[in-house]
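Following: one structure in structure tokens, then a few remarks.
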Amino acid sequence: FISQPLTLVVAIRGVVMAESTKPLTRIGLAGLAVMGQNLALNIAEKGFPISVYNRTTSKVDETVERAKLEGNLPLFGFHDPESFVNSIQKPRVIIMLVKAGAPVDATIKTLTAYLEKGDCIIDGGNEWYENTERREKAVAESGFLYLGMGVSGGEEGARHGPSLMPGGSFEAYKYIEDILLKVAAQVSDSGPCVTYIGKGGSGNFVKMIHNGIEYGDMQLIAEAYDVLKSAGKLTNEELRNVFSEWNKGELLSFLIEITADIFGIKDDKGDGYLVDKVLDKTGMKGTGKWTVQQAAELSIAAPTIEASLDSRFLSGLKEERVAAAKVFRSGGLEDILREQEVDKKQLVDDVRQALYASKICSYAQGMNLIRAKSIEKGWDLKLGELARIWKGGCIIRAVFLDRIKKAYDRNPQLPNLLVDPEFAKEIVERQAAWRRVVCLAIKSGISTPGMSASLAYFDSYRRERLPANLVQAQRDYFGAHTYERIDVPGAFHTEWFKTARKDD
């Protein structure tokens, strides 16, 4: 924070006024929706004077007012981009928190009109990683530095300590490392939840996969809820108690914690609990879809994450599902799907174990995607370090991330979390309960696509021989794609049709 003066210009009720001269600020932030406001206030609260700007000027005034109310924080608002840029010390660093896509390009165009060589732009949104790489190259031609930084933790995380995933220019990262280390979530046994991820769009890619894992995690928790509620007939109060208890053990995590909270909230507009009044249509912003697309492009199996995406698609067909329910109810399906007799206490314990085992598979799939992309792009990403920075601040923060970090510390070349000795032991111990839950769900007509996909992933991965030999034989039969043999090296083709007919 240097002493070079500037004239701070603010607008009050549409009247532009000049205050007394102020020192230049340390950093700037453009884009003052909820995430942008909260991150700006977090930075200011940590002692770093910050300039803020938004195209809609009312957002600037709102943020300045919040800064005053929350402790007269060193946050300064600007209504025009030139004054905003000139208020920041050189080399300037500006974080953008605007909607991905065209708005990012528009904001870059606005800012770079006033920036100078050596200044840095940081995109803190959920951006497609290739866009980040394109922009980094484009601004480099004008002498600017660029970072794509994943920010996880929602509005509370942004305000009080998110998990930060910056990737791109290492020189740019060093500009603001001291800020990020203080602004990020702090975990007592492992430090700030931030690290330099790697080159290019690696920061955005890692955040995207984080969100894909998040999709899987949320779907698995929803399925656990469905089985307990539909098959076990647990009340919302019982569910709240169960999830609260789970949050004291191996499942301790942000998502389990907030789920317990949700079950305890009464409806303020009527009788009963609010969760039962929420429409069963899940929204999405695209990162889960991108994750599944990347899985296909990288030829990495991610069935749990894929199942969670499909479940969101199906949830969107509310009207069709209502009509289908009537068709199959009148068709006698209710008679076939008779209620299963269950031991409630045993079911709760089985679902806990099934959820944990399924979560391991979901995280394993995400980590495999990151490793595959890292190899493809030459990013040299450290999977254990990623698990460390996800331990606090972010949506998927969970106690067992520390064990994932230790697994990769033991073996940085670990091909899959499932074969880490500790995780392998835990899955074996839980597989009987896991299978009981999936079987009960099938018998009860309760869909558990995430848990079922996780179990199928585990069962496929652990088998020495799969029926893929038949699929390859079929491919050679109709398309002459050739096949390999288990006993003789080389590629082979058989005229299956002629051979079959000759034998007839």
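Note that Cβ sites are derived from N, Cα and C of the backbone, with glycine treated the same way.
Curation plays no part in TrEMBL annotations; they are all automatic predictions.
What TrEMBL annotates here:
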| type | residues | note |
| --- | --- | --- |
| ACT_SITE | LYS207 | active site, proton acceptor |
| ACT_SITE | GLU214 | active site, proton donor |
| BINDING | GLY31, LEU32, ALA33, VAL34, MET35, GLY36, ASN54, ARG55, THR56, VAL98, LYS99, ALA100, ASN126 | NADP(+) binding site |
| BINDING | ASN126, SER152, GLY153, GLY154, HIS210, ASN211, TYR215, LYS285, ARG312, ARG475, HIS481 | substrate binding site |
| DOMAIN | 203-497 | domain '6-phosphogluconate dehydrogenase C-terminal' |
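A distance of 59 Å separates the Cα atom of HIS481 (substrate binding site) from that of THR56 (NADP(+) binding site).
Put simply, the two farthest-apart Cα atoms among ASN126, SER152, GLY153, GLY154, HIS210, ASN211, TYR215, LYS285, ARG312, ARG475, HIS481, the recorded binders of substrate, are 49 Å from each other. Comparing GLY153 (substrate binding site) with GLY31 (NADP(+) binding site), their Cα atoms are 17 Å apart once rounded. Least packed by the Cβ count within 10 Å, out of the binding-site residues ALA33, MET35, is ALA33. For the recorded positions shown (LYS99, LYS207, HIS210, ARG312), fewest C-beta neighbours within 10 angstroms: LYS99. Cβ neighbour count within 10 Å across all protein chains ranks ASN54 highest among the binding-site residues ASN54, THR56, ASN126. Around the Cβ of HIS481 (substrate binding site), 13 further Cβ atoms fall within 10 Å across all displayed protein chains.
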